[in-house]
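Here's the structure we're looking at; comments come further down.
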Amino acid sequence: MSRKPIIAGNWKMNKTAAEAREFIDAVKNNIPSNNLVDTVIGSPALFLEGMKKGVKGTELQVAAQNCYWEDFGAFTGETSPAALAALGVDYVIIGHSERRDYFHETDQEINKKAHAIFKHKMTPILCCGESLETYEAGKTAEWIEGQITADLKGLSAEQVSSMVIAYEPIWAIGTGKSADANIADDICGVVRATVEKLYGKEVAQAVRIQYGGSVKPENVAEYMAKENVDGALVGGASLQADSFLALLDFVK
């Protein structure tokens, strides 16, 4: 099965509203056709409304970096999935290692977020990944299988087929280190095998799996050439318009 590539930038807690507008203006009319690749920017919640207005009429898509699992209520500081959907947000990143580590998010909470995102007809980008200790102990496959199984609990085959799963080795995020393309392909293969075990081969062949971890314009093509890697979730290299556009050169 041919899966359309997806390149998603994750700005994390960076940029002002003016800088976000400047980036969008530089990028939105210079990306490849979405017949070839889905191009997504994950923005801080503050800028999402402006981002959606800025990309209107173009093929650049917008992701939120997080949401809560309840639509509305007394949840100070949280972001409503219903409100994101009303803005027209396309994707929501959930389960990022920084959310799991710094904010102690659990697989059970991430699972509730996935259900909420699908309820509002957005697409989750579900992150999974292991620590250096787990990797060096040879327990990566076991760890990833446990995360994926818990995070997908109760989702339908149709939902899982349409979502994006991002493998991000924690030891490679923002460190300048990266899992080489063969390791990334192997672990993305573990993700796919776990989905197959849970949902069957057809779903496993449909779900798109990204690699995230110090992806740069210089190495993105090497990852994208691998059988189980369908895209990249990119942090630092997505912050500047020129480097973000260079990430998309692999489709040429």
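Quick reminder: no glycine exception, Cβ is built from N, Cα and C everywhere.
Swiss-Prot has this to say about the protein:
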ACT_SITE  HIS96  active site, electrophile
ACT_SITE  GLU168  active site, proton acceptor
BINDING   ASN10, TRP11, LYS12, GLY174, SER214, GLY235, GLY236  substrate binding site
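In this structure the alpha carbons, written CA, of TRP11 (substrate binding site) and GLU168 (active site, proton acceptor) are 15 Å apart.
Ranking the recorded positions LYS12, HIS96 by the number of CB atoms within 10 A of their own CB puts HIS96 at the top. The residue listed as 'active site, proton acceptor' sits 12 Å from ASN10 (substrate binding site), taking the Cα positions as reference. For the binding-site residues ASN10, SER214, the ranking by surrounding Cβ atoms (within 10 Å, all protein chains) places ASN10 first. Note on the binding-site residues GLY235, GLY236: the fewest other CB atoms within 10 A surround the CB of GLY236.
Every protein chain considered, the tally of other Cβ atoms within 10 Å of the Cβ of TRP11 (substrate binding site) stands at 21. For the recorded site, GLY236 (substrate binding site), the DSSP three-state label reads helix. You'll find the Cα of LYS12 (substrate binding site) roughly 10 Å from the Cα of the residue listed as 'active site, electrophile'.
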